[in-house]
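Undergrad: Right, I'll just put the structure down here and ask away after.
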Amino acid sequence: MKAVKNIFPKVPTEIAAFIFVICIIPTIYFFELFVVVPSFYPVWSVWYTVHFTCGTFLMCNITSNFVAIVCTNTSVKGLLLQSKLQPKWHFCSVCESVSPPRSWHCDTCSTCIIRRDHHCMFTGCCIGHYNYRFFLAFAIHLFIATAYATYFNGYFMWDRINFQTPMALLKIVFPLAMVAFGIDVSETQLYLILFLITIMGMLFMVALLIFHTNLIWHGTTTYEKNHKIRDYDLGWRQNFKDVFGENWFLACFLPFAQLKLPGDGITWN
């Protein structure tokens, strides 16, 4: 796989989303393991060590897969492609070259992407043939981590918020406004913001995983689903192998394992 030279997004909204992700993930990690979990178990007790190990394992996989997503080049740049059109190949007028099946041009990335699924705002890059498994592994581990954190955060925040007052409801509905306007800048309010971010992250990951699991199950990409193209459905087992490789189990736990994908992203059955 080729590496990307410039991983920083070019669009302002994507830059903001990119910075938010790389800042909020370690913030939540330290909040959970050094604020929330110690409120339940003494530091370095048996159960604290268990949760610390699980949290660190999830953190390593989340960050490693994120790095793999943005650093993996899944474009047609540098590939030796044929110059003549064949069935299902098409000519890209922007790149001024022929493009293989399932490859489409991305205006933001300014190139054609192999087996392009979508352009991810939070990573600032396209999700295609070579980094799709990293994207899914990132989403899986992030869902587990946010669900894990939400469980503990619920008990953690229950004892810190007085739900009997109208102000408590306003703090929950408008948490950032309370801090921005100086109404409540206490530790509890800051903890509440992190708690709500964790919940929203969990719900977003649930929707994302359901959507992409359905895509893989039917052997399609987002573009193909929208255009009702079902030419590459080889059965759910082979469809998952095409994305994760033969050793799909290792792909979920070892982000940088050299797991060869069945196809090259250019020729398709």
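Yeah, the Cβs are placed from backbone N, Cα and C, and that goes for glycine too.
Here TrEMBL flags 88-227 as domain 'Palmitoyltransferase DHHC'. Per TrEMBL, transmembrane segment is recorded for 15-41, 47-71, 134-151, 163-183, 190-211.
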Undergrad: When secondary structure is assigned with DSSP, how many helix, strand and coil residues does the domain 'Palmitoyltransferase DHHC' (88-227) contain?
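TA: The breakdown for the domain 'Palmitoyltransferase DHHC' (88-227) reads 77 helix, 18 strand, 45 coil.
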Undergrad: As a test of reading the model: what is the averaged pLDDT for the domain 'Palmitoyltransferase DHHC' (88-227)?
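TA: Averaging the confidence scores along the domain 'Palmitoyltransferase DHHC' (88-227) gives 91.
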